[in-house]
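Read through the structure below, which is laid out as C-alpha cells, and then see the notes.
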Amino acid sequence: MPIAKVHARSVYVSRGNPTVEVDVVTETGLHRAIVPSGASTGQHEAVELRDGDKAKWGGKGVLKAVKNVNETIGPALIKENIDVKDQAKVDEFLNKLDGTANKGNLGANAILGVSLAIAKAAAAEKGVPLYVHISDLAGTKKPYVLPVPFQNVLNGGSHAGGRLAFQEFMIVPDTAESFSEGLRQGAEVYQKLKALAKKKYGQSAGNVGDEGGVAPDIQTAEEALDLITEAIEQAGYTGKISIAMDVASSEFYKTDAKKYDLDFKNPDSDPTKWLTYEQLADLYKSLAAKYPIVSIEDPFAEDDWEAWSYFYKTSDFQIVGDDLTVTNPLRIKKAIELKSCNALLLKVNQIGTLTESIQAAKDSYADNWGVMVSHRSGETEDVTIADIAVGLRSGQIKTGAPARSERLAKLNQILRIEEELGENAIYAGKNFRTSVNL
C-alpha cells in the first residue's frame, strides 16, 4: 500500500521542550508517532538534532529535524514506494538517506518519528494491533508476555533537587498474578509513599519529579530505601514487592580522578570522600543485602568498563546497561564480550529506528540478557513503547511512576492489551529477566 503523505511538526514533551511528531498517511488513514527525549543522554547515542538557535526554546528547537522530514525524508520515501510492512527495508532506506553512523545528518529524532509511524501504518494495513505487528517483525514466540512495570516512585540525581546522588528508585511488583494487579500494587504503594514523604519532609516533598516520582530532600540511598520499604509495608506488600535502582552514575563520575562523588550536587564536595569503583560496588552489595533489590541500572560510568566487569563477576541481581550500551549494537557486543552487564535498557530513540531496536533486543536475548523497554524523562502521550514491550516479550518496562499522563499513557495501554489478550497472555512476574524464554 503506497504512502500518500509524510508530514512532521514540532510538538512538546512533558518537560516543555520541543520534539518531532510525524504523520504518515496511507489508504488506512493517518498514523502518528511522537519521539521522546532524554535528560541524561549517553555520549554514544544517535544524534538528536536540535536547532541550536538560542533565541528560540533555548537552542532546543527541532525545526531542522521537522524540515528534514518534510523536505527530504518524506518525498524520498514516497518516491521509493517501499511496502510499509517491510520495516527492515524502510529503516535501511532511512539510514542510507542519512548516510552517517549516528544519524547526525537528518537527525535520529526525524528518522525515528518516520520509522515508528510507518510501523503503525503497517499494523493498520495488516488489520492487527501494533504489538502483534512488532511480534511478527521480531519473530517472538507466543503466548504474549506482559511486562512487570518498574515504577520510578522516588527521584534523586539529576532528576531532583536534594543531595541524593542515585537517580531513580523503583518498585517492582514481581509476585503479582497479572499486570493489572502489579500496577494496582504499585499505585497503592505510591500513594502511601507520597503521604509518608509529606509527613516526614514537609508538604513540598509530595511534589513530583519529571517521571512522576516524589523528590523529597533525601541525603542518602539508605534513607530513600527505608522510606520505600515503609511505604511497601504500609500498603501491606512486605515480601511481595521488590526494588530496583537506576544509579545513573555517569552523572557523578570524576573522570580525571576515576572516582565517584556521591555529593556531586555540592560544588564544594570533599574529594577525600569520593569512592573508587570497588568501594561503590561494596555499597551496592550492602544495600542489596539489606533491601529486596533485584536490579541495578548504570551502577558505573559509561566508559568505566573495568568497574562493570568487576561488579558483574560478583553479583547475582540484574545489572542493566543504559549509558553503557545506549541501545547501540557495537556497545552491546562489547558489553557481552567483556561480561559487563546482563540486561539491556532499550530506548528506541537512542538508536533511532524500530528495526535496529528489535535487533538490539535480539542480540541481548541471544546472550541470555534481560531486556527492559524504557521511556525517556521527556515523554508524550505516544504509547508505542508499551506495544514494543509486549511485542518483544521483554517482560519488563520502565515508564515512571503511576502519575502524570505521559507516564500512565503507556501503563494504561498495557492494561488494554491485557484485556484484549485475556487468557492468551502471561505476566512475566519473577521471570522478568528471562521472559523471552517463557
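Placement of Cβ uses the backbone N, Cα and C atoms for every residue, glycine included.
Taken from Swiss-Prot, the feature active site, proton donor applies to Glu211, supported by similarity to another entry.
According to Swiss-Prot, the feature active site, proton acceptor maps to Lys347. Cβ neighbour count for Lys347 (active site, proton acceptor) (all protein chains, 10 Å cutoff from its Cβ): 25.
If you look up Swiss-Prot, you'll see His159, Glu168, Glu297, Asp322, Ser374, His375, Arg376, Ser377, Lys398 marked as substrate binding site. The secondary structure of Lys398 (substrate binding site), as reduced to three states from DSSP, is extended strand. Using a 10 Å radius centred on the Cβ of Lys398 (substrate binding site) and all shown protein chains, the other Cβ atoms total 30.
Counting Cβ atoms from all protein chains shown, Asp322 (Mg(2+) binding site) has 27 others lying within 10 Å of its own Cβ. Annotation source Swiss-Prot lists Mg(2+) binding site at Asp246, Glu297, Asp322.
The separation of Asp322 (Mg(2+) binding site) from Lys347 (active site, proton acceptor), Cα to Cα, is 9 Å. Under a cutoff of 8 A between CB atoms, and with a sequence separation of 6+ in the same chain, the neighbours of Asp246 (Mg(2+) binding site) are Asn152, Phe166, Gln167, Glu168, Met170, Ile296, Glu297, Asp298, Val320, Asp322, Lys398.
Summarising the environment of Arg376 (substrate binding site), the number of other Cβ atoms within 10 Å of its Cβ, over all protein chains shown, is 28. Secondary structure at Asp246 (Mg(2+) binding site), as computed by DSSP, is strand.
Shown in sequence order, Gln167, Glu168, Met245, Val247, Ala248, Ile296, Asp298, Val320, Gly321, Asp323, Leu345, Ser374, Lys398 are the same-chain residues outside Asp246, Glu297, Asp322 whose Cβ sits within 8 Å of the Cβ centre of the Mg(2+) site.
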